[in-house]
Amino acid sequence: MIERGKFRSLTLINWNGFFARTFDLDELVTTLSGGNGAGKSTTMAAFVTALIPDLTLLHFRNTTEAGATSGSRDKGLHGKLKAGVCYSMLDTINSRHQRVVVGVRLQQVAGRDRKVDIKPFAIQGLPMSVQPTQLVTETLNERQARVLSLAELKDKLDEMEGVQFKQFNSITDYHSLMFDLGIIARRLRSASDRSKFYRLIEASLYGGISSAITRSLRDYLLPENSGVRKAFQDMEAALRENRLTLEAIRVTQSDRDLFKHLISEATDYVAADYMRHANERRVHLDQALAFRRELYTSRKQLAAEQYKHVDMARELGEHNGAEGSLEADYQAASDHLNLVQTALRQQEKIERYEADLEELQIRLEEQNEVVAEAAEMQDENEARAEAAELEVDELKSQLADYQQALDVQQTRAIQYNQAISALARAKELCHLPDLTPESAAEWLDTFQAKEQEATEKLLSLEQKMSVAQTAHSQFEQAYQLVAAINGPLARSEAWDVARELLRDGVNQRHLAEQVQPLRMRLSELEQRLREQQEAERLLAEFCKRQGKNFDIDELEALHQELEARIASLSESVSSASEQRMALRQEQEQLQSRIQHLMQRAPVWLAAQNSLNQLSEQCGEEFTSSQEVTEYLQQLLEREREAIVERDEVGARKNAVDEEIERLSQPGGAEDQRLNALAERFGGVLLSEIYDDVSLEDAPYFSALYGPSRHAIVVPDLSQIAEQLEGLTDCPEDLYLIEGDPQSFDDSVFSVDELEKAVVVKIADRQWRYSRFPSLPIFGRAARENRIESLHAEREVLSERFATLSFDVQKTQRLHQAFSRFIGSHLSVAFEDDPEAEIRRLNGRRVELERALATHESDNQQQRLQFEQAKEGVSALNRLLPRLNLLADETLADRVDEIQERLDEAQEAARFVQQYGNQLAKLEPVVSVLQSDPEQFEQLKEDYAWSQQMQRDARQQAFALAEVVERRAHFSYSDSAEMLSGNSDLNEKLRQRLEQAEAERTRAREALRSHAAQLSQYSQVLASLKSSYDTKKELLNDLQRELQDIGVRADSGAEERARQRRDELHAQLSNNRSRRNQLEKALTFCEAEMENLTRKLRKLERDYHEMREQVVTAKAGWCAVMRMVKDNGVERRLHRRELAYLSADELRSMSDKALGALRLAVADNEHLRDVLRLSEDPKRPERKIQFFVAVYQHLRERIRQDIIRTDDPVEAIEQMEIELSRLTEELTSREQKLAISSRSVANIIRKTIQREQNRIRMLNQGLQSVSFGQVNSVRLNVNVRETHATLLDVLSEQQEQHQDLFNSNRLTFSEALAKLYQRLNPQIDMGQRTPQTIGEELLDYRNYLEMEVEVNRGSDGWLRAESGALSTGEAIGTGMSILVMVVQSWEDEARRLRGKDISPCRLLFLDEAARLDARSIATLFELCERLQMQLIIAAPENISPEKGTTYKLVRKVFQNTEHVHVVGLRGFAPQLPETLPGTQTEDTPSEAS
């Protein structure tokens, strides 16, 4: 008998109160006894933590804070640990006598969350002598030890031979090892399984009936029938796949035309665009090359035009420069002509003004004399009038003063003052400071004499002035003439300068007479010089055009050479046109031939495509039409052979299908009617009873029962005798065996076993010899083995049948393809390749184009040479007549010499013209210049001084006369004498005043009349002077202008100037004409250059754009080609016949296909989006993506399980071959896969019966369990009424609901859910889907209701609830349920684990003091009978008689808390003894 595994010990390291404590566990019950806070719950928590190290589940509630929720940070574990490394280890021994230590390393994590870090580990192969505490501690001295870390523990165990240490990163791996080694009873695969296990432990720990377990007893007690559910799921998956395949076939059948249309239009749409881009790429390349050639040609033309432009610009610049000089010369000549004409007019004016001036000079001299006489008389009158005026004023003043003195008392004083004033004035004027009134009279006589003397002297000077004035005017006139001719000079030099001027005037007149002959000679020489310069210019221009310098002697020979060259070039140009015409004619012929071949090429390419497809399909190469017809005959023979083989394979496949169907019957019944009969008789098929027989025993039992292996085992044969009457729906031989189906054995026969055979003694006189079948089918294992081999054979046959069917269809389609090829393309398929001929002709055409370009270039060069030669001859024709001028080298010197002589003669002519009249006037009066009458000026000064002296003497005499007259005022007599005297004086004054006023009036009248006459004379003189000065100034201006003009006007000057101007005008006109020609040519050249530049820019832009487009297109084309090659669609898209269509035709073809595709993919969102994206003309790769997407879509639609190819085009060809065969095959497969509703009901019923029997066996183990008033505990299992109705309908009334189970739209699970809803409309299904409900209905556990019942006192059997039981009864009942769950788990796990392992059984019970002694004893008895270990925690009043008891007391020693532990074993019959391996006191030690 297999021994059950046991937990040997529990070790706590560095827990709160336990530094290093090992609890040896009893084989039955281990009791932890102690008061509150002794450490019982800590010890159990350490055990649970080592058993289930899942922090999401661990929750030690009795040590957490009050009112704690599931969200508390501390789950009760953090406070049970000490700081540092902690361990909790379980030492176990399993059924194989293997010692296994499992445990966890715990460590508090710093922080306010009070977290704990847990690491599970396991140790195998540890010797029995090594204690767990020795592994994880290191002794430092007698009273100190140190806890090892997990890494140190690993290193320590690695040094021990044969010991294995495993550390786990997941709890699942940890529990998997514990399950495999028999430490726990159930494999905990998931967190849900761990949660069930923890709830089980928690329920046992805290006691009572756990509602969490009783509510879900089905999950704890009933094993999940995963095999059945997996079978249903596989069946449904197979059916779903089968139906999807059938649906795909139907869709494919319905969409076959759509596929063809989609592929055809997609191919047209993409291939047309693909070939259009290929053509455009080739066209763009050709255009880019053409642009580049044209660009190079244009650059050459532009360079030539630029050279030509430079030459013409240089020549134009020369002409412009020459024109500037000619214009300047012409303008100078015109100006010179104008100056000559102006000088002539000026000369006429000068002569006229000079005559006028001579006349005005005479009149002016006469008028001067008249004015001078009048002025003298006027002076005398003014002096006389002034003296009269003064005398009148004086007298009036005296009379006024005197009158005033008479009227006023101060008259005398006033008169006295006036006398004093007159005396002072007289002193000042006469310069007599000693003058007195008495001496005034004497001095008056003196000064009157001086006045008389001055007057006489003035009259004598006037006479002298009139005599000297005449001589002075003649000298001044001659001096002015000399100064006018020579310029300013000293008066003493006038005589010498005048004689020199008269001599020089004679010489100048002689030179002036030579001007006209010299001018004529100079004009002739200048004309020849200009002709010589023109000839030199023509020669230089000719040399520049020829690019070489020529001597004068070489020009005639060069002229003959150029004429000969012109003749030869003319012949070459005329012959070049004929050669060009021949080349163009050949080019047109080639073009016509290429066009013809391009029209024939598509037909040939279509034939080649068809031929290539035939070659690919048949794997043969055809070189002639005869080979094609011969291969067609071979195809017919091959088709007949394939049809015969296909029919044979189909017959064998049908036989295998029938055998598989027969072996696949539920329960092993080969006849479906046997299941109905077994259910009708209330029996079980014999094959179903032996359904679990192994594959090794199957041949024996198959031979043992022989034909009766399909018998029905019934409990009582007598009860079915009546049912056999009238039984017709049954096999020919129906075997019935009496026996209990639950405990049936093979003792019904007497059997002798032989070698690979048996002898069955049916009766005394009837034996049956049966050999072991080579292929047994008795038992599920044998049937499954046989079905598996048949399935393999069927797969081979199906594959072979499909291959043969496909080959037949392929051969038939190949035959049709050959027939179409022969009818359409055989006549042209084997002709020569037109594309090769096109390539050859294109090469020749390129050569012709190159030859034409070379010919055009040569012809252009010859034309240019011809034009240059003609221009050279024309230039030489102008040069040759002027060779003598070119040879005359002294012409310029002679011109310069004559020019100098002419300049001298012209200067002399200008001198004579300017000063001739002055010299003529000077010659008669030159003699007066010998003596200078300078005394005339002195005489004038003396005369002026005499006049002043006379005026001063007159004033002095008048002042003295006044003093003399006022002598009386200096002394006064008495008043009477003064009045009398004043009266006489007044009278005298009045008389004098009247005389003075009369004199003044006469003087004024004389002055006025003479002043009017003087004014008239002065006006006439001023008028004459003004006229003379004006004409003199005008004459001077005219002479200055004539000098400024610098031209000597003579009779021939105007004619010469006009002739010179006309010559320069002719030259200027010729120069301008040539310049205009050059400007026009230059403008034309610039326009040509600009056109060429624009053309060049356009060509460069077009070339760069085209090149960029080519490069971009190349990148895009490379991407397209890569995509095409990667997806293997080049053969579909590169349709060479489309290369001969125009871009418009291809675009039209693509657009038509696009319109058709839009309709075709309107219902497909993905293809519609891809098609919309592919319409972008700038992204051609998107059309390839669309084509690939279409292929991918078709691949997905066609499915590889139907048609084995990746090419949708080939798939469409294969589609018609496969569709009918697959439809038939899949329909039959669905019928075979579909399970009947009755079979499902039978499977569920049998599973329920089996589990009910198992629960019944579990109840037998709980019948003797009693707690207080509870006499017994049991599990009650019932089938739910709604689910029982469902099973009855599935078994008996399935025909009424075939609309659900025969629907192709519903799976079996969904149909089952729909039926459940139909039968139970009152049940609310919530949000669950029919598939989910159906899967639940396929689980037998959902058909059962389970509840725990107790037999309590007089109440009998009632439902176990905590409210109806006492605390002890509830604890005992709950423990019984937990034991049942553990046993159920062991039974379920026995299939998963080795047969030689019986797992450990251990439960907990905290606060066991709530149980009485009888209940405790019952627990001990239960543990003993079930070989279960139990750990109980109780106060000190619990003293079990059996098991092991540990008394725990928590103490504090030197501020250190520790738990004192004493262990006792079975103390009732014998004295207590200390358990080995325990200490009387757990001495704490300090960690180093």
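Here the Cβ of each residue, glycine as well, is placed from N, Cα and C on the backbone.
Database features (Swiss-Prot):
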- Gly34, Gly35, Asn36, Gly37, Ala38, Gly39, Lys40, Ser41: ATP binding site (BINDING)
- 326-418: coiled coil (COILED)
- 444-472: coiled coil (COILED)
- 509-602: coiled coil (COILED)
- 666-783: region 'Flexible hinge' (REGION)
- 835-923: coiled coil (COILED)
- 977-1116: coiled coil (COILED)
- 1049-1074: region 'Disordered' (REGION)
- 1051-1065: compositional bias 'Basic and acidic residues' (COMPBIAS)
- 1209-1265: coiled coil (COILED)
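Here the features listed in Swiss-Prot are placed on the structure.
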| residue | record | Cβ contacts under 8 Å, 6 or more apart |
| --- | --- | --- |
| Asn36 | ATP binding site | none |
| Gly37 | ATP binding site | Arg1450 |
| Ala38 | ATP binding site | Leu1448, Val1449, Arg1450, Val1459 |
| Gly39 | ATP binding site | Asn16, Gly17, Phe18, Leu1448, Arg1450, Val1459 |
| Lys40 | ATP binding site | Leu32, Ser33, Gly34, Asp1406, Ala1433, Ala1434, Leu1448 |
The region 'Flexible hinge' (666-783): DSSP-derived helix, strand, coil residue counts: 45 helix, 26 strand, 47 coil
Looking only at the coiled coil (509-602), report the model's average pLDDT. 80
With CB pairs under 8 Å as the measure, which of the listed stretches 326-418, 835-923, 977-1116 comes out on top against the coiled coil (509-602)? 835-923
Is it possible to get the count of other C-beta atoms within 10 angstroms of the C-beta of Gly35 (ATP binding site)? 12
Which state, by DSSP, holds Gly39 (ATP binding site): helix, strand or coil? coil
Collapsed DSSP category at Gly34 (ATP binding site): strand
Given the ATP site Gly34, Gly35, Asn36, Gly37, Ala38, Gly39, Lys40, Ser41, its other Cβ neighbours within 8 Å of the Cβ centroid, in chain order, are Thr42, Ala1433, Leu1448, Arg1450
Other C-beta atoms that fall within 10 angstroms of the C-beta of Ser41 (ATP binding site): 21
